[in-house]
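Here the structure comes first, spelled out in structure tokens, and everything after it is commentary.
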Amino acid sequence: MKNFVFTSESVSEGHPDKIADQISDAVLDEILKHDPNGRVACETFVTTGLVLVGGEITTNTYVDIEQVVRNKIQEIGYNNPNYGFDGSCCAVISSIIKQSPDIAMGIDNENEEEIGAGDQGMVFGYACNETKSLMPAPIYYAHLLMKRQAYLRKQNILSWLRPDAKSQVTLRYENNKPIVIDSVVLSTQHHPEIQQKDLIEAVIEEIIKPTLPTNLLHKDTKYLINPTGRFVIGGPVADCGLTGRKIIVDSYGGMAKHGGGCFSGKDPTKIDRSAAYMARYIAKNIVGAGLADRCEIQISYAIGVADPVSVYAETFGTSKLSNEQTTKLITEHFDMRPGKIIKNLKLHTQCYQKTATYGHFGREDENFTWEQLDKVDIFK
């Protein structure tokens with residue numbers, strides 16, 4: 001396609017599914033802080049007055065899961081009983097077992113480089129030159145809107161804002177380049193006494209306009225603010241939340257393929273996470289080097305086997321090299337065995353909670369080692 005319209009969405013840290021993601025990654029972080037080789041597959045379910053944490057965890061450390069959960073919920077902003085969900089008084093249930101020995105036998109290896117993949121599957125990484133972060137523009141701007149909403153809420157600049165919110169940005173493309181924002185949808189939970197007219201004006205003037213580039217906004221850009229007219233009841237009171245239910249928000253907003261496995265709550269031996277980071281790392285360096293305008297990488301694995309089953313690069317006709325030549329460069333210069341990915345991207349020492357909101361890719365924090373452009377010379 002050359003001329004088209006494309007939409008991506010983001011959600012706030014107070015969205016039920018994102019609460020679940022953050023709790024799962026908070027548990028993971030606490031374990032890896034004391035046991036870098038801990039094996040974690042942590043799933044979280046949140047609903048009215050209840051948090052259920054389950055999964056398979058093998059570690060030599062102790063973690064007070066209940067306290068981790070309560071701290072994270074209150075940090076997000078659910079610290080008031082009037083919100084209907086409060087980290088200080090909700091019920092917390094934990095149901096954790098050890099990792100299956102049948103799985104562990106395929107992963108455990110004294111030689112870190114030969115650690116087998118934690119499961120079969122394929123992952124995708126993507127990059128394009130639409131934004132400075134080499135991310136697709138719709139998801140990039142949708143995330144920025146949610147960051148702005150959280151900032152105004154936490155700084156008490158708009159005191160009527162509440163933690164739950166969603167954004168959606170639609171861009172019009174010509175010749176595969178974003179030229180204008182067609183519409184912005186933003187729904188935010190709010191105090192019951194704020195008037196709809198005042199809310200709409202504040203969201204447009206304080207959230208949208210300071211965040212989105214003026215050259216992409218125009219007189220016909222449509223602003224759809226809290227379209228139902230009221231969003232007082234939100235968070236887990238309105239909808240239950242589950243870990244891994246926002247995988248498109250977490251990745252590329254639908255602009256690229258997704259292997260299907262979520263990221264949050266998984267230690268880096270799980271290729272759903274570590275290999276997806278590696279695929280982004282490769283794709284970003286290809287685009288960052290100017291070799292291609294767009295690049296999508298697929299890597300696939302078999303459980304218990306270190307080397308990938310397959311590697312494929314797609315540059316959509318924008319590269320100076322063929323897809324086959326690009327793939328050959330990748331396999332020659334990047335070690336995609338899980339153990340080497342973990343070592344080279346320093347995945348045992350990450351703060352994974354930072355990834356659980358506003359996307360795992362396109363971030364400027366040094367914590368996001370897979371965003372480094374330190375391999376561009378390979379592709380020049």
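Using N, Cα and C of the backbone, Cβ positions are placed for all residues, glycine too.
Quick look at what Swiss-Prot lists:
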- His15, Asp164, Ala165, Lys166, Arg230, Phe231, Asp239, Arg245, Lys246, Lys266: ATP binding site (BINDING)
- Asp17: Mg(2+) binding site (BINDING)
- Glu43: K(+) binding site (BINDING)
- Glu56, Gln99, Asp239, Lys270: L-methionine binding site (BINDING)
- 99-109: region 'Flexible loop' (REGION)
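In this structure the C-alpha atoms belonging to Lys270 (L-methionine binding site) and Asp239 (ATP binding site) are separated by 28 Å. Long-range Cβ neighbours of Lys246 (ATP binding site) (same chain, at least 6 residues apart, Cβ-Cβ under 8 Å): Val11, His15, Asp17, Lys18, Asp21. When secondary structure is read from DSSP and collapsed to three states, Gln99 (L-methionine binding site) falls in the coil class. Of all the binding-site residues listed here (Asp17, Glu56, Gln99, Ala165, Lys270), it is Glu56 whose C-beta has the fewest other C-beta atoms within 10 angstroms. For the pair formed by Ala165 (ATP binding site) and Glu56 (L-methionine binding site), distance between Cα atoms is given as 31 Å, rounded to the nearest Å.
Comparing the Cα of Arg230 (ATP binding site) with the Cα of every entry in Glu43, Glu56, Gln99, these being the binding-site residues, the smallest distance points to Glu43. Counting other Cβ atoms within 10 Å of each Cβ, the binding-site residues His15, Arg230 show the lowest value at Arg230. When the neighbouring Cβ atoms lying within 10 Å are counted for each of the binding-site residues (Glu43, Asp239), the highest count belongs to Glu43. Gln99 (L-methionine binding site) sits 13 Å from the residue listed as 'K(+) binding site', taking the Cα positions as reference.
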